[in-house]
Amino acid sequence: MLQQINSIFIFDFDKNQRKEFVFEHTKFIGIYTELDSLYSSIQEQIELDDELFRMFSFFDQSEYSTQDLSKQISDLFWFQLVNNIILQYSHNQLAKNEMIDLCRQYYQDNLNNLKVVDEFEHEYHSNKFSQWFLKRSFPYKMIKKALQIKDLDQLNTLRYFMNDLIQCFSSQPYNTVQYENENLIIYRGTKLSKEQLDEFRKNQGKLLLNNGFLTATRSHSNALNFAKKLAKQINVVAAILEIECKSKDFDQNIIFTDRDKSKDLSNQDDVLFNLNVMFHLDKIEFHENIWIIKLSTSNEGEIILEKYIEDTRQQTENLSIELIFGRLVLDMGQWNQSQKCFKRLLIDSNDKNQAWIEYSLGEIHHLNGEWIVARKYYNCAYDRMMNPKQMYIKESAQVLSNIGELLYGEGKFEEAMNFHERALQIRKEYYSSDHPHIANSLRNIGDIFYKQDKYDEAFIYFQEALTILEKYYNNFHVDIAKCLSSIGHYFREQRNYDKSLESHRRSSAIYEKYYPYDHVCIVLTLNNIADILCGQDKNDEALHTHRRALTMHKQFFQFDHIDISKYLGTLALAMEEKYYPSFQAKIAQTFMYIGEVLRCQEKYEEALDHYKQALMMQKNYYPLGHVNIAFTLQNTGIILSQQGKYDEALEFYHQASIILEKHGPYNRSDIAFNLIRIGHILNNQEKFDEALNVLRRALEIRETHCSSNHLQIAHNLNDIEIRETFDPSDYEGIVVMLSKISHVLKQEKRYDDALSFLYRALNIRETHLPSTYAQIARNINSIGLIHYEQENYNEAREYYERALEITETFNASAYDDIAVLLSNISLTYKRQEDYVESLDFRNRSLEIRETHLLSNHLQIADDLHELGHILLAQIEYNKALSPYKRGLEMRETFDPSEYENIACLLTSISDVLKHQQKLDEALDFQNQPLKILETHCPTSHIYITPNLNNIGNILRQQGKYDEARDNYQKVLAICEEFYSSDYKNILVCLGNNADVFEDQEKYDQALLYRQ
C-alpha cells in the first residue's frame, strides 16, 4: 500500500501529543507542530530525494580501446559532444524570448515561479549565470530534467542560458583562486540507494560520467554535513564523492563560485563541473558509517571520443561534428530528435554537408516506413553528390546502397539488385577489397538472392562478406551481427537448426553489447531464435533463452504457462510495440510467428486472430504490396482449409497469387505452392476442370524452375478428370469486370494492382470502344484517384486534366463530371499547399454547380466546405467562416439526417473561431457536434473521438485542465476499447493526458502516462 509513498510526515494539530505518539516506519521522517518547520522539512527532503535520483553512467574504457566505435552508441559520446552542439545554437534576444515563453507556459499555474521568470527576464545577464543556476531556480530544474532524458528540443529552447553556462567554463570569469599544489581535492556529499552503491562497487577502475552538471565543494565538512542528513531513511546510504582534480582542469572543466561564503554549513555549490567531465572511479572505502568514493578527473573520455570520431570518419570521410552527433542520435533510436537535428542543420550547410543531411533524413523516413518521402531525400542527396561542379562519386555508393535496401523492403528485388551492384562497383573502385563497405554490398546482394530462392548463391555472398567484416572489425561489430543474421536465415531454410541457432545467438551477443537492452535489433533476434526453437522443440535451451529475456524485460512478463518459443515471440512483440511502433512490418512478423505456434497446437481461432492482426499491419506498412502479405494470406488459407471453410480459403489463396505474381516473380516455388493449395481445394470441392487448369500451371512452373519436385503434382493430376472449357466475354463485359476488380483492390489499398487492371480496361476502351468518351474519361479519372491515394499528386493531376479535356471537348454538357474533375484538381493543389491554384479550381467547380446543378445541394455544400478549408489554410479566417456557414445551412436544410457531415462543418467553424482566439464561441460550436453524434450516432467513434479531443484542446487553452483531462480520458477509453491496434492514436491520447498533468505540475502522474 505504501509502495509509491516516498516519505511520511505527521503534523500534530493538538501540539501536545508528540511525546506520546509512537510511529515506526522506514519512510517516516518526523512529527511537526509548526507549519514552517513542516514546510522546511519537506523542502529538505525534496532536495535529498533529488540527490538520490542523480544519474551516473559507467564505462569500461578497455573495451572502447579495442573495438571499432563507428556504430557504437553511448552516453559517453552524447555528453561529450552535446556542448559543441549547444554552442552552435543562436544566442540572441529571440533565443531569450523563446526561453521565457517556454518557462511561462511551463509554470503558468505557479505564481511564485512566474515571478521568478519575470525577474529573470528583466535582471538576467550572462555574468549572473551562477546565481541563477546554483540557487536551484527554474533554469536549473529544466536543464537537469532535459539532460537526464537527453531532450534536445528542450535544450534548444533553453539555449540562451545554456550557452552562457557552457561559455563560462572557457572564459573563466570566476576562477580567481590560485592554488599552489598541482592537484586539488573536491567533495560532494550525496545519498545512494543500495542498488546504486552496488553499481559503484562493481565498476571500480572504470570511467564514470554524471549525466548533468555536477556541483561540489572544497569543504569536506560541508559535504559531510550534507551526507549525514541522510540518516532519517534506512533504505539509502550516506556517501561522499572525493574527487581529485588536476590543475589543467581548472581552465576548461571547473568553475569556482563564491557560494562557499554561504552560511549554510551543508552548501555544496562553490564548485561546478562541466557537462563533459569524465571521472575515473579509483576505489571505494567505508569509514565511520560513510562510504568514501574516490574519483579523479580523467582525459580518457576525450581519447575515446576522438577514436569514435576517427572510426566514424573511416566509414564516411570528413563528417562534421554536428553530423556525427546527429548520426549518433539516430543510431540511439531517437529518430524524431535526430530528424529535428538534421532539419536544423539543413538551414545552413554547404553542398556536401547538405547531401549527408538529406541522406540522413532519408534514412530516418526509411526506418519509419515512410518510403516515398525517404526515396525523395535519397534522390536529392544522390543528385547533389553527382553535381558536375563537385562530384562525390565514392560517397554516392552509400546512397545507392540505401535505395537498394528500400527497394528490397518493397519487394522490388530486381531494382534493388541494380542499385546494390552499382554501389558495389563504385566501392570496388574506391576502396580496398577488404573494406567493410564492400562486405555490406555483398551481404545486401546475398539477401536478394535469398529472397529469390537462390540459396547457394546467397550463402557464397554471405560467407565472403563475413570474412571481410570479421577481419576488419576484429570479430565484433553490428555489421557482423547483420551478416550472421542473414547466414542464420540461410541455415534455417536448409533446416540446419543448430547452425542457424548458433548464428543468431552470435548476432544477439553482438547487438546486446552495442545497443541498449530494448533496441529493435535485439527484438528481431529474439524473433529468429523463437522461430528456430519452435522448429526444434528444444525446451531446455528455450527455457534458458526465456530466462535471459525475462531478466532483461520483466515489465513485459504477463503469462503464467505457455510454450517457451511462443513466449519469446510474445516477449519480442511487447518490446516492438512499446519501443518501435513504426516497425509495423516487424511487429507483424512476430504475430506471424505466434500464429505458427498456435496453428501447430491446433488452436485455429487464436492463430487466425494473430494472422489477421499481422495482415492489417502489413497492408499499412506495404501499401504497394509485398510478398510477406502473400505468406500471411497463405497461412490464413491453410487454417481455413483445415477447418473445411473452402470458399474462404480460396479467397485468401487467390489474393496471395496476385501478390506473388507481382512482387515475387523470382520466387517461382512460392507461386507453385500457392497454386497447388488452390488445386487441392478445388479438387475437394469436385471442381475438377478448374483444379486441373490450376495444377497444370503449377506443374509447368515446377518443371521449368524446380523440376526435381514435380512428381507430387503429377500424382495429383492423375486423380482429376481432364476436361477443358472456354468461355469468352465481350469487350464491355471485360472492361466492367476489370474495373470491379480494380475497385476491390483499391479498397484494399493494393494500388499498384488496382492500377494495372485500370490500365488494361483503358487500353481495351481506347482500342475497341473509342467512342465511349464519357466512360474513357471516367476510367482516366479513376486512375488519377489511385495516384492521389498514393500521394503522387502531379501524376494524379495529369490524369484529371486529361479526363477534363476529353469531357469538355466531347461531352461539354456533362456538368457534374466536369465539376467533379475540377474539384479533384483543386484537391491535388491543396495537398501540395498551392492554395492559389486550389482556390481557383474550387471556385470554378462551385460556379458550375451553382449555375447548372442548383438542385445538387449536397455537392454544393461539399464544395463550400472545401472552399472554407482552403481559405483557412490561407489564414483568411473571416472569409473561411462564410462558406462553412453556408454549407452548414444547406446540410441542415436538405440533409438533416446526415449527422456526421453536419458535425464536420460545426467542427470546422469551431476551428476557425479557435484560430481567432474566440475560445468560448469555439467551445460552443465544438460541443454542438458532440451532442449530435452522441445522440444520433453513438457508435461513430471515428467522429466522436476527434470532437472530444478538440474540446479538450480548447479547455486546455482556457486553463481548465481538469475538464480538459476528462475529455482526453474519454478519448483514451474509446481508443483502447475500439481501436486497440491503433498505436499512434493511443500514444497521442496518452501524451495529451501527460501534457495536462505537466501543465498542473503533477509530474508523477504525467510520468505514468509518458511511460
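Each residue, glycine too, has its Cβ placed from N, Cα and C.
All annotation found in TrEMBL is predicted automatically rather than curated by experts.
The following features are taken from TrEMBL:
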- 397-430: repeat 'TPR' (REPEAT)
- 439-472: repeat 'TPR' (REPEAT)
- 588-621: repeat 'TPR' (REPEAT)
- 630-663: repeat 'TPR' (REPEAT)
- 672-705: repeat 'TPR' (REPEAT)
- 777-810: repeat 'TPR' (REPEAT)
- 945-978: repeat 'TPR' (REPEAT)
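As a summary of secondary structure, the repeat 'TPR' (945-978) carries 31 helix, 0 strand, 3 coil according to DSSP. DSSP assignment over the repeat 'TPR' (397-430) gives 31 helix, 0 strand, 3 coil. When Cβ-Cβ distances below 8 Å are used as the criterion, the repeat 'TPR' (945-978) is approached by residues 108-109, 903, 907, 910-911, 914, 919, 922-923, 926-927, 929-930, 933, 985-986, 989-990, 992-993, 995-997, 999-1000 of the same chain, each at least six residues removed from its ends. The stretches the repeat 'TPR' (439-472) and the repeat 'TPR' (630-663) are not in mutual contact, being linked by fewer than three Cβ pairs under 8 Å (pairs 6 or more apart in sequence).
Per-class residue totals from DSSP over the repeat 'TPR' (439-472), listed helix then strand then coil: 31 helix, 0 strand, 3 coil.
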